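Residues or ranges marked as Mg(2+) 1 binding site in Swiss-Prot (evidence: sequence analysis): GLU88, ASP107, LEU109. Annotation comment: Swiss-Prot describes ASP107, ASP110, GLU271 as Mg(2+) 2 binding site, evidence class sequence analysis. According to Swiss-Prot, the feature substrate binding site maps to ASP110, GLY111, SER112, SER113, ASN199, LYS265, an assignment based on sequence analysis.
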Amino acid sequence: MDTLTRFLPEHLQQNQLPEALGGVLLSVVSACTEINAKVRLGALAGVLGMAGTGNIQGEDQKKLDVIANNIMIDTLKANPAVAGLASEEEDTFVSAGENGRYLVLFDPLDGSSNIDVNISVGTIFSILAKPEGALATESFLQTGRQQLAAGYVLYGPQTQLVFTFGHGVYVFTLNAENEFVLTKENPKVPESTKEFAINMSNRRHWLPPVQQYVDELLAGETGTRGKNYNMRWVASMVAEIHRILMRGGVFMYLQDKRDPSKPGKLRLMYEANPMALILEQAGASASNAYQAMLDIQPESLHQRVAVIMGSSEEVDYLNRLHSK
């Protein structure tokens, strides 16, 4: 089986991609390998619990949020090809290599609310080309279609790296020697599914299209959809999307009635766009209920967005309910 270091040069050459772009991916992987070691030790390393600080989103930070964020920033700033970074945990962008050609955006520890109870978490990342001119916030505000690469590392029962350069999706598993080994090429998400993922505790806040959709799913084979569905909910986007990538399903985190000014909870740049690129490469769909996720023009670094992702039959159906 190919290791990442053997696979990557050949993949870059086959698809006429710059070696420096592969180097940025390797920097991300190096950082994630270090984060993995911290996650694995947990309480033994004293890294669990709250940090006593908050991020730009107004969310309380866990110790591992801060640790993972610092590891990502320090590792990526050491790569001269990286011009700038944007993190879910930082107020604004971070400048890096003066002559760098790439921008990296990331959620250093997605699902960190689960870390103290030993449920899977992960790191999500996106790589963009740096536009000409001085680095500014606007440099990062590119659509998801402009991503050069996207991926995530899942810290679960196995530690797995999933990424795409826009030429298929590849899954690597970390072995005992701390090397990522290719274990799956080009997974495909089935068009139809019998699984859905949503936080049912928010049901009373949902908008009518979501209420109708979930009611139809719960009606089972005697309802309008004509089949029985199972619900899943981990409260860790990386874990939810990885399950969908491996066996299908649909994941939803949508706008609701609690705050009409807030389109959703998840971040477009750090979470939705990278996951959308991976899923589209695997034959799935992703939208904000009204347009394809990858076509949304971002207006700010920390922009939130409604999310529907997964098996295209379900995404398309829920999109149609929103358009009525």
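Note that Cβ sites are derived from N, Cα and C of the backbone, with glycine treated the same way.
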Where does ASP110 (Mg(2+) 2 binding site) sit in the DSSP three-state scheme?
strand
Here's one to test understanding: among the binding-site residues SER113, ASN199, LYS265, GLU271, whose C-alpha is closest in space to the C-alpha of ASP107 (Mg(2+) 1 binding site)?
GLU271
DSSP state at LYS265 (substrate binding site), helix/strand/coil:
coil
Entry from the binding-site residues list SER112, SER113, ASN199 having the most other CB atoms no farther than 10 A:
SER112
Sorry to bug you, but what's the C-alpha spacing from SER113 (substrate binding site) to GLU88 (Mg(2+) 1 binding site), rounded to the closest Å?
15
Span of the substrate site, taken as the largest CA to CA distance across ASP110, GLY111, SER112, SER113, ASN199, LYS265 (Å, rounded to a whole number):
17
Can you check what DSSP calls ASN199 (substrate binding site), collapsed to helix, strand or coil?
coil
What whole-number Å value do you get for the CA-CA distance of GLU271 (Mg(2+) 2 binding site) and LEU109 (Mg(2+) 1 binding site)?
11
Does anything in the same chain, at least 6 positions from LEU109 (Mg(2+) 1 binding site), have a Cβ under 8 Å from its Cβ, and if so what?
ILE35, LYS62, LEU64, ASP65, ALA68, ASN69, ILE115, VAL121, GLY122, THR123
C-beta crowding around GLY111 (substrate binding site), within 10 angstroms:
21
DSSP on GLU271 (Mg(2+) 2 binding site), three-state: which is it?
helix
Please state whether DSSP places GLU88 (Mg(2+) 1 binding site) in a helix, a strand or coil.
coil
Determine the most Cβ-crowded residue among the binding-site residues ASP107, ASP110, GLU271, using a 10 Å radius around each Cβ and all protein chains in the structure.
ASP110
